[in-house]
Structure formats: structure tokens, C-alpha cells
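Worksheet for the structure shown next.
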Amino acid sequence: MTPPLLEIRNVTRRFGDFTAVDNVSLTINTGEFFTLLGPSGCGKTTLLRMLAGFDQPDSGEIRLNGQDLAGVEPEKRPVHTVFQSYALFPHMSVAQNIAFPLKMAGVAKSEIDARVEQALKDVRLADKGGRMPTQLSGGQRQRVAIARALVNRPRLLLLDEPLSALDAKLREEMQIELINLQKDVGITFVYVTHDQGEALALSHRIAVMNQGRVEQLDAPETIYSFPRSRFVADFIGQCNLLDATVEAVDGERVRIDLRGLGEVQALKSFDAQPGEACVLTLRPEKIRLAQSVTADSNEVHFRGRVAELLYLGDVTLYIVELENGERLETLLPNATPGRTKFFEVGDAVEAAWRFDAGHLVRA
């Protein structure tokens, strides 16, 4: 079994009375695109700074390829960091910016030229070496910053919210560029972001952080479909959170009391006990709307009324107010074959979902 490239063991970092990183342990594999995801103040950037050597843990250890990095200065680590601000030298050409760290390392000119040429090819800027940074688009400047970080052939590339300054369309284009680049160069990427969509699109695995701790570490599909906590369900994408109490457990099914709505069935997802408080997490796209629903033992359905709607192009977001006042968000595609009915505000509807469409978490 191949040992992990990076090991973070029980790392804690405090600033006075505030614990920014709280006993975090992670392993990151060679060639992995790994993302630290969380809201502002969750500890993700502090953890990244410790990986880079810009900060030191109060306790715990960080090992890269088996080497303890305690006391190893940033410039002596086989690690490079790409920042949101690009940090390019405006008086240097693109090629000169990329060559700069090699010159500082005393690399021979012939090798510098060859490695700069390859780095420009890697980021698809082979014809832009003579340009100045001001002559490039935001996405191109970001690629130059990445090329400069890669030219020294680090074992680990750290990216601190590198796309957050770009507009939405350019961000999407750069996400594809990053995925392809990481596959091509085979270097381990550790990516920090607060953007859930970015994390889901880019990553092999995601560590969702909250208040200095890792709430969940999983593949993107698992985190989205099977969140382990209310926080993760709420933070990742849109999600309906319905408070409930466990009434009974029957094999893989759980009977729960949705407060104010009555008893329904759900799929068992943890060691639930009767009387235990829980939350049914339900993604909007899992709910269907109809004027009436045929009774089905595998479905849950409630009457309600369309309170609000928001047209989003490919889908429409419906806010359905149920008879007890609870509101459900529902996403319906606008181009569904055979769909002729589009609901309007005030329409009476039934909201329905399969019993296994939701995911139970502890309250």
C-alpha cells in the first residue's frame, strides 16, 4: 500500500483564546486533488498556511513524504502556494515571472529556458511568454501564477481561493483548466475555498471544516448525498432541513415524526433509537410537485400551496408552504419531456418524495 504524501496529525493552532485549528488529522495521497472547504473563520486558511510553513502548529505534526516539517522554512519545503492576488511582478514579462524562482535557486539558464517553456505549455500559454501581466486577462494571469508555482516541480501545490476574484463564467472555465492541469502534471493539489460548487466540481476528496474541526471527509458525491451533520447538509448546496423525532426502527427503515406534519418513513442512516431527535435532510431536486399524487407506500407526500417561485433558466425554484406552515424548496427542470404544467404562485399542489430520497442526521 502506497503511503500518503501528506500526513496531518492532531494539529492545533490557537491565537490567544481562539482555537483556529482544533486537533485536525488528515492524510492526502500523491496525485490527489484535495479541497479544504468551509465558511470564513473555519480554519482552512490557517491550516494551509501551516502546510506552507508560514505558520506553525501549537501541537501536532505535519509530515510530507515521511519528513516532519517542524522548523523547515517555507523556501526549503517542496511546496508552492498560489494566492488569490496572483502576486506577479508587473515589470517582468510572463516568461520572466515564471523563471524568477528558478533564477533565485541558481538553476542553469539552459534548464530555466526549457522548464519555462514546458510550464507555459502546461498552462496553455505557450505563445504568451513575451507578454506583460497587464496584457493578460484575469484567467491568464492566474495561469501564469500557477505556472510559476509549478516550474520548481514541487511535491505539493497549495491554492488559496485562487478563482474567487474572477467572474462566474471565467471561474467555470478555470475550473476545467485546473482539472486538466492537475491530471497532466500529476502533482498533489490542496485547494482552499468557501465555494461549495468549486469544491464539488474539482475535488477527489473534500474536508468540510467548521469551527476549526473537520465535520466530514469524503468524496464530493458522498458529501452532497449523504451529509453526516446538519451543518454539512446546510452548507453544501440547497437543502431542506426538517426537524423530526425517531418513533420506531424496522430494519433499514425508520418511522419518524416530522414535527407538525405527522409520521413518515425514511431510510435508516445512523444507529437511530426511538425518541431520538433527528433532522431529515432533503435536496430540492428530490421533491416532485403535482396537482394530486397517487398513494404509494414508498412515497411521502403533503399538501401545500406555491408561496413563491424563482425562474433560474434551466430550472425553477418553487417555495411550497405546507398546511402546517413549513416551507419546502423544490427545484423542477424547465425542459422536462412531456411536462406541460408550470405552477404559479397560489396554486394548490402536493409535494412528494420517495422515502429513501432524504437523509437522516442527528439533531
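The backbone N, Cα and C atoms fix where each Cβ goes, and this holds for glycine too.
What Swiss-Prot records for this protein:
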{"type": "DOMAIN", "residues": "6-236", "note": "domain 'ABC transporter'"}
{"type": "BINDING", "residues": "GLY38, PRO39, SER40, GLY41, CYS42, GLY43, LYS44, THR45", "note": "ATP binding site"}
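Figure note: comparing Cβ neighbours within 10 Å for the binding-site residues SER40, THR45, the maximum is reached by THR45. Across the domain 'ABC transporter' (6-236), the model assigns an average pLDDT of 94. Proximity of PRO39 (ATP binding site) to non-local residues of its own chain (separation of 6 or more, Cβ distance below 8 Å) is seen for HIS194, ASN210, PHE235, given in sequence order. The record gives GLY38, PRO39, SER40, GLY41, CYS42, GLY43, LYS44, THR45 for ATP. Within 8 Å of the mean position of their Cβ atoms, the other Cβ atoms in that chain belong to HIS194, MET209, ASN210.
Neighbour density at the Cβ, taken as the number of other Cβ atoms within 10 Å, is lowest among the binding-site residues GLY38, GLY41, CYS42, GLY43, LYS44 for GLY41.
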